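Here is the structure we will look at, set down as structure tokens.
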Amino acid sequence: MTKIAPSILSADFANLQHEIIDVENGGADYIHVDVMDGHFVPNITIGPLIVKAIRPVTKLPLDVHLMIEDPDKYIRDFAEAGADIITVHVEACRHLHRTVHAIKDAGVKAGIVINPATPVELIRPILSNVDLVLFMTVNPGFGGQSFIEEVLEKVELASLWRKELNLNFEIEVDGGVNQSTAKLCKKAGVDVLVAGSAIFNQKDRKEAIEIIRNA
Ligand code: DX5
Ligand code: ZN
């Protein structure tokens with residue numbers, strides 16, 4: 001079954017605890033946490049302090065997506081705050097292999113993420129080292145943007161390589177996921193769908209999660 005990772009970027013931050021409980025009760029599989037630094041992306045969101053604050057609120061894995069420059073500096077902080085998966089942008093890592101192993105050494109699952117315009121060939125040499133590959137289907141920085149369909153060709157290729165190389169990393173997509181784009185993602189081989197606005201902008205989160213999962 002396709003996993004659903006609601007992105008709290010579109011949640012009501014004044015009621016974050018209740019928002020998280022709501023999507024957990026609605027059947028979410030991960031809680032997706034978008035960390036932005038105002039440098040790697042043109043927006044500033046949350047840091048380890050918030051991850052620490054929400055950790056006791058849910059039993060679900062915290063899927064922490066770092067959209068920050070020099071992520072190596074903050075891996076330990078996010079791991080100690082309670083992240084279960086830390087995902088770093090290949091565009092922000094000068095020594096990606098080292099960073100991936102630093103995440104694992106911190107006792108956390110390691111994910112890598114590529115922007116829509118970054119070639120998928122760039123990640124092939126490191127696939128055997130990672131637990132998750134995240135494909136951005138929007139340019140990172142904001143919720144509520146539209147899905148870039150061309151990214152699915154990269155997803156299909158990664159899914160093929162996973163089979164050929166006999167690996168078992170999860171394939172996740174992030175950005176513009178709704179009922180119709182979720183369908184395309186599932187066909188391309190996606191295991192985890194991140195969705196922000198398509199879940200948190202709906203009154204009934206359980207129904208919103210089911211619609212995306214069953215698309
Ligand atoms: C975008 C973030 C996403 C964002 C997705 O930079 O990484 O996780 O919250 O939002 P939607 O689902 O609204 O496109
Ligand atoms: Zn994200």
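Quick reminder: no glycine exception, Cβ is built from N, Cα and C everywhere.
Just so it is clear, the model here is predicted, and its values are computed rather than measured.
What TrEMBL records for SER7, HIS65, GLY141, PHE142, GLY143, GLY144, ASP174, GLY175, GLY176, GLY196, SER197 is substrate binding site. Summarising the environment of SER7 (substrate binding site), the number of other Cβ atoms within 10 Å of its Cβ, over all protein chains shown, is 25.
According to DSSP, ASP174 (substrate binding site) sits within a strand segment. Here the Cβ of ASP174 (substrate binding site) has 25 other Cβ atoms within 10 Å, regardless of which shown protein chain they belong to. According to TrEMBL, the divalent metal cation binding site annotation covers HIS32, ASP34, HIS65, ASP174.
Secondary structure at ASP34 (divalent metal cation binding site), taken from DSSP and collapsed to helix, strand or coil, is strand. Remark: ASP34 (divalent metal cation binding site) has SER7, ILE8, LEU9, THR45, ILE46, HIS65, MET67, GLY196 as non-local neighbours, by Cβ distance under 8 Å and separation of at least 6 in sequence. Sequence annotations record features per position, and here TrEMBL assigns active site, proton acceptor to ASP34.
The active site, proton donor annotation in TrEMBL covers ASP174.
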Sequence-ordered binding-site residues from ASP34, HIS65, GLY143, ASP174, GLY176, SER197 with Cβ under 6 Å of an atom of ligand 2: ASP34, HIS65, ASP174
Candidates GLY141, GLY143, GLY176: member of the binding-site residues with the richest Cβ shell (10 Å): GLY176
Cβ neighbours of SER197 (substrate binding site) where a neighbour is any other Cβ within 10 Å: 18
Rounded Cα separation (Å) that holds between GLY143 (substrate binding site) and HIS32 (divalent metal cation binding site): 12
Cα-Cα distance linking HIS32 (divalent metal cation binding site) and SER197 (substrate binding site), given in Å to the nearest integer: 12
Proximal residue to HIS32 (divalent metal cation binding site) among binding-site residues GLY141, ASP174, GLY176 (C-alpha distance): ASP174
